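Listed features, source Swiss-Prot:
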- HIS83, HIS94, HIS96, CYS102: Ni(2+) binding site (BINDING)
Amino acid sequence: MNKGEDNLVRTSITVPEQLLQKVNELIASGYFASRSEIFRQALREYLQRIEWTERVGDEEYFGALTYVFQHERAEPELVKVQHEFTDVIISTTHIHVSPEKCLEVLLLQGPGKRIAELAKRIRGVRGVEQAKLTVVSSEGE
């Protein structure tokens with residue numbers, strides 16, 4: 001158990017049945033001891049990524065923002081957001097996953113604060129189902 005987690009609080013969450021089935025399979029395979037542990041770890045990792053976006057400064061980073069979205073619902077707003085961030089978007093790759101869904105990968109370079117702002121805006125677009133930002137420092141740290 002991590003420091004600060006000695007006072008656990010019981011809560012409940014609602015998840016799609018297929019997601020819970022995958023969680024149960026991971027537990028059965030021995031990757032995690034329990035549902036609680038897998039959800040705690042997932043929350044920790046997600047919160048660490050979000051906290052980075054809140055504290056990052058003007059240091060230069062390289063990165064990739066990958067996201068899946070519902071084409072008809074999200075595309076107009078995504079194009080608008082991308083045009084507001086041409087200063088950090090180096091390249092865009094667009095893939096048609098199905099008739100309804102697309103995947104895009106944005107290659108990024110620029111101030112971390114600006115990259116974080118772009119990721120936040122993309123995640124906030126209705127119809128974006130998943131988004132993941134991966135960054136590396138231009139200093140190699």
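Even glycines carry a Cβ here, placed using N, Cα and C.
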>> With DSSP assignments reduced to helix, strand and coil, which class does HIS94 (Ni(2+) binding site) get?
In response: strand
>> Return the residues near HIS94 (Ni(2+) binding site) by Cβ distance under 8 Å, restricted to its own chain and a separation of at least 6 in sequence.
In response: CYS102, LEU103, GLU104
> According to DSSP, which kind of secondary structure is CYS102 (Ni(2+) binding site) found in, if we only use helix, strand and coil?
Replying inline: strand
